[in-house]
Amino acid sequence: LRKKKLSGIQAPFTKSLSKHRGACILSLVRIDQRDIMASYRGTALTAVLAALSKSPLVYAFSSKLQVHIPTHLNKAGGYDHREALFGLPPRGGSIQQNVYYADSNLCDPNVDTHAGYPIRPQGEDGQMMPWPSPYILMVDRGGCTFVNKVRNAQRSGAAAVIIADNTCLCSAGDSCFSDPGVDCETREPIMADDGSGSDISIPSFLMYKQDADPIKAELQANHMVRIEMAWALPSPDDRVEYELWTTPTDIISRDFQRQFKDAAVALGDRAYFTPNMYVYDGIMSGCQGEDGENQCYNLCTNNGRYCATDPDNDLDRGISGADVVTETLRRMCIWNEYGKGNGVGAQWWDYVSEFMFRCDTEDYFTNDDCITDAMTHASVNVGKIQQCMSDSGGLEDDVVNTILDAQLAAKDQSGVVILPAMFVNKAALRGALEFATVFKAICAGYLAGTEPSICKKCANCRDEHKCVTTNHCSSDDSSVSTNTFAGTIFGLTLFFGFVGFLQWRRSQKQMRDQVKGILAEYMPLDEDKVDGTALTDDDGEGEFT
């Protein structure tokens, strides 16, 4: 570990050393003694860059935190806070309950529900009564990840969690006092998922220290505090905006990127897509030295300004972080040229698919001929894209690249830390990044009655992708459509009717033949016997012979 001061923050870092001089950041993670931030799915630089970014974070989520009791803590417009990127907040709803202060960081899974403030009466066992449900639990920041704290609170019966920060913001000035020896922070950390938060179902906020301290003081004075946590529902209209955060080496979103072009084209101007490529701010991570030189070997471009992790974790061979940044810029140029105007970008989808098919290997990832071939097959003008990459600032020397800078700003505004990530109408999409999940979420984002025809036809189909591709909702193999069933019944009716008719005709013929046989057996027409039968004079009295 070494300590490096950036923007007034004392930030220890871990580093994986390479034999190459200056290759000091292969996996760079901010280690906060108050919050042990995990490395999310190998995205090593995420936590430190999010924590050290200079610009204030603007969350895509709309939520509100307000104190109703005591009234002197009520604040017009509510309190500033950070919303967790895990859990299931009740969008369009709110939680208003009494608050209990655990007087703990809640890192121990064995939560003592008989502790904390305000003081409650004693039970029959002599212990203080547990926190009465439902309640909002306030816990201190530090000691473990946010996910661990909220999980332990959830198991104890909390309806929601307020994490009270223990470090002041530098912008708070004299209104906040940090513990001795603790430096202020330029911004609040992101309440990120550490990769294990899928079991969290309750919402949680991080409250600034200057705001949390008066509330803790009220609770420790055994006064009741009632807080409201509210979440706005994204306002739907007749057009849906959706965006994808990924990288050129992202494996999880590959199938989605191969398939979703059909839906993007079918939705047309009724949906606007925005692809975002995740890059890291090399200056904030210390990849650019005081002399302006790249300190991170082949992980960065522009003398350490824009960086990406090495996808194969080998600095000596294979695809480098700088290669990923280069492909990131190329894809954003293709989008700006072919997709930014209409929000569909058919050529962008085609290029991504062609690149994954032809060039997504260690040998061809940076091969100019392969990349040119992929753009040609996708009907992308190679010259225009190369010009865009150059006009934006290029990838050489200590020069600002406007497109990559825009991606850094968008990353800070979104609060994304885990890739891939999908947002529909600014709300994070939870669940697997699959065609069906995203398509249904988009169709659900329209104002009632304004859904495009493709949504009405395919959103409830068993195979959404096949329906969008063929413009027909066909059932799966385990079921039969109504038309097929009716046609089959009609056909069977005709068949058995015809067979029955033939059998009736055959039985009628057999019956006639049998009648003729009976008549022939019992009523013979014997001419000889008829001629020999008569009355003669010799027969006396006329005896019949």
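One is the number of the first residue shown, and numbering goes on along the chain from there.
Backbone N, Cα and C atoms are what each Cβ position is placed from, and that goes for glycine too.
It should be emphasised that the depicted structure is a prediction, and the values quoted were computed from it without experimental measurement.
According to TrEMBL, the protein carries these features:
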| type | residues | note |
| --- | --- | --- |
| DOMAIN | 136-183 | domain 'PA' |
| DOMAIN | 240-443 | domain 'Vacuolar sorting receptor thioredoxin-like' |
| TRANSMEM | 485-504 | transmembrane segment |
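The average per-residue pLDDT of the prediction over the domain 'Vacuolar sorting receptor thioredoxin-like' (240-443) is 92, rounded to a whole number.
Sequence-remote contacts of a segment are chain residues at least 6 beyond its ends whose Cβ falls under 8 Å from one of its Cβ atoms, and the transmembrane segment (485-504) has none. Counting residues of the domain 'PA' (136-183) by DSSP class, helix then strand then coil, yields 17 helix, 11 strand, 20 coil.
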